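Undergrad: Handing you this structure, nothing more for now.
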Amino acid sequence: MVKEGTELTEPLIHKSGSAAEKDSFKEDYQYIFVFPNHFSEDEAVIAPLNEKISISLCKEIFANTFKLSEEEGHSESLEMKLKQETSQHIPQRHAWISEMWRGFSKENQGEVEFRRFLNLIITCVLRVMQEDLKLDLKLFFSRDKDEIFCKIRASEHNFKVQADLMDYHLQLKRPESIPRSGYSLICPYGRFEKNKDEEKSGPVLQKKVIKDVESNYKKYGTDERQAKTGNGITMFKYKDKVRILLAMISSVIDIGELLDNDILINHFCIHNEEQLAFLRSNWGSFSMFWKPQPLQKVKNYFGEKIAMYFAWLGYYVAWLIAPAIIGLVTFIIQLIMDNLDDKDQKMNLAEISLLIFSLSLALGSTLLDQLWIRRQNQLSWMWGTTDIQEVEQQRPTYKGKYGTDPVTGRKKKISNKSIWEKIKRSISMSVVFICIGSAVVAVAAIMIYRDIYASYSWGPLSCAVINALQIRILNLIYRRVAKFFTEWENYEYDTQYNDALCIKLYLFQFVNSYASLIYLGFIKCYGDEDNSQCLDELSLQLEVIFVFNVICNFFELGAPYCSNAWRKRAEKRHLKAMHDSGHKGRKTMTSTEKQASLSEYETPLDDYMELIIDYGYVVMFSAAFPIVPLIALFVNIIEVRVDAYKLCYLMKRPYPTPANSIGEWESIVRTISVIGALTNTAIIIFTANIFDLTDFATKWGYFMVIEHVLLVFKFLISRQVPDIPNDVKKGLIWSNRISDEKIYGKSSDVDQQRVLRNLYFKNNPNAIRERSILDPEKIALTD
């Protein structure tokens, strides 16, 4: 381990590889672990680490960290389990882990200082990464010596080994004489296979792989020229390296257990200054609002999941242009004519324009849904994630005991409390509905306030402002409640967790965000003789909400900025206290430390939620205020740059999660589209009353006819527009063929396959030897 005052030196570089590989490897670290500095002499740092912890808890943490099986109810000691497991797959690692624990448990009985246990477990973690996984580590103290940073990297050889083990998909080189167009526009992707002639032969029969298979994969470099030509020095982009590296570490170390017990206090991907500078100037700059997003570079830097979010956001912005123009024209006609509330049985121009706008919006939302699915499938084809089947790691906070999964045969945490977890989820949903009820009560209180002060000139505006504040405040409060209960439900995988959290958040935010608008648009007008007042109030409410959204967009930048500034200020105070007490520390922070002080970007879930709620305002209530799409267009143009700026300047580099769709948001967008057709139809018939109908039953008749026609057209559009473009269908088939040929030497021709694989048909020894001949004299009359 590292002791304070000891010089920390860089470990030796992996001996294999060319000079170019070694040169590029000098600072090619992929990931950072941050541990508490248990060697510190600073009282403020060491005080919490001096607290006592029971040896039984130490045993449990130690066993879980290194994924050692522990059968429930079995009293067998950890030492015995370790001895038994030394005869299994990796005896050398378990042998010295057993020795380390045995020595620690003999020296410490009952309770032990947490810092002593920290020394043991961090030592073992570092040793496993270096001796078992053959990773290169570089340790250094933070500026104020309260943390130990560990920079981690793997060699090209070790990346190849792990990629082969996990069947990782990489892009192949383009076959010669194949044009770059149509279905062959994108180079094919295939599972990575390492050159087998470099490995020792074993008793297990290997899959047939052609010799020098690695020459078929693209190679990348650090500069743009190498990246474009595919003649670089590595087969792995940074996002590939991080995924493979974490899979490598997670195979033997439970990172979640380290985080849960404050052994690992931070971990993150490392920013690349050159690539980040490009994104900052060409993507994360507000002056570049008019430029298309560099999605390919965003995908390479932040991963497909984040790139897919920005692709959807950009697609939504582009879609808004047509509704914004039609809505603006409609709004101008309404301003000029000002006769939506006339009682003439004939439709005037303002009413006709509103009808056209509402119908086009309803049908356009279906086109957005369907065309986005096509675009999404095209992107996943281009990014090589169409058939991705990522083996998800268990969530760090998932509760369970380590054992062997009978289905997969892998060691993992297993929970035997399935019934209790179902009860938990029922309780959580009950809390969700209670919170929804509280939001309805809050909206009702604001509407009562509106009615009391309706006669005052400032009444409606003040009520709109209060409602906008209420939406934001309750959303923030409920988000914490939803996260707490979703965590409590103990989901095993991030996908399950995010889906459950998404449902909870959207159910609440749907009611909280739209309840007042539904009241003003469809309920209040029945108590009002003058429906135009309801329309005016609904329009005012929408205006105020969008103004608040713009303001909150900039608060999105302010919150992490203030948080980062606060952490830097606290560290400066700590550094000053160290100097005053005679301890020395560096005056400047390294680039790694600066990145560690940034806020963490978990997932784009909150960004999606904000965007989908905004989409609901446009699709569901634009008939009441036709320039809502125009306002939404400006708001979301800003949103693109706000979110990009946040990622480029204020956040740690997130884990590059792969994705081939926007996930559960697809079904939510489709649902909002259907609801929007109903609400807009209701607004133009019941609230705006563009047909000047007086009989309630007649209004319902018009409503039923129009909404049914709209739903039929939406269905026809969804059926006529295929989900997958023809080039993508062909491209996927072509990609599979090329990867089979290049990697496994397979042929698409059946006869060639039989020859290559030495597969021939044989006569059935029990069959009748006489050959059948098509001769009427020799054909039997019966069987």
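Just so you know, the numbers here start at 1 and follow the chain as drawn.
Heads up, the Cβ atoms here are built off N, Cα and C, so glycines get one too.
Below, the features straight out of TrEMBL:
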| type | residues | note |
| --- | --- | --- |
| DOMAIN | 298-730 | domain 'Anoctamin transmembrane' |
| TRANSMEM | 309-337 | transmembrane segment |
| TRANSMEM | 349-368 | transmembrane segment |
| TRANSMEM | 427-449 | transmembrane segment |
| TRANSMEM | 455-474 | transmembrane segment |
| REGION | 577-597 | region 'Disordered' |
| COMPBIAS | 588-597 | compositional bias 'Polar residues' |
| TRANSMEM | 615-638 | transmembrane segment |
| TRANSMEM | 668-688 | transmembrane segment |
| TRANSMEM | 700-717 | transmembrane segment |
Undergrad: Counting a contact as 3 or more Cβ pairs under 8 Å, with residues at least 6 apart in sequence, do the transmembrane segment (349-368) and the transmembrane segment (309-337) touch?
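TA: Between the transmembrane segment (309-337) and the transmembrane segment (349-368), which are separate recorded stretches, there is contact, as judged by 3 or more close Cβ pairs.
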Undergrad: Which one, 309-337, 427-449, 615-638, 700-717, has the most C-beta pairs under 8 Å toward the transmembrane segment (668-688)?
TA: 615-638
Undergrad: Ranking 309-337, 427-449, 700-717 by the number of C-beta pairs under 8 Å to the transmembrane segment (615-638), which range is first?
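TA: Answer, by Cβ pair count: 309-337.
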Undergrad: Which residues, given as numbers and ranges, are at least 6 beyond the ends of the transmembrane segment (427-449) yet have a Cβ under 8 Å from it?
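TA: Residues 463, 466-467, 470, 474, 478, 481-482, 485-486, 488-489, 504, 507-508, 511-512, 515-516, 519, 524 contact the transmembrane segment (427-449) from elsewhere in the chain.
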Undergrad: DSSP-wise, what's the residue breakdown of the compositional bias 'Polar residues' (588-597) into helix, strand and coil?
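TA: Going through the compositional bias 'Polar residues' (588-597) residue by residue, I get 6 helix, 0 strand, 4 coil.
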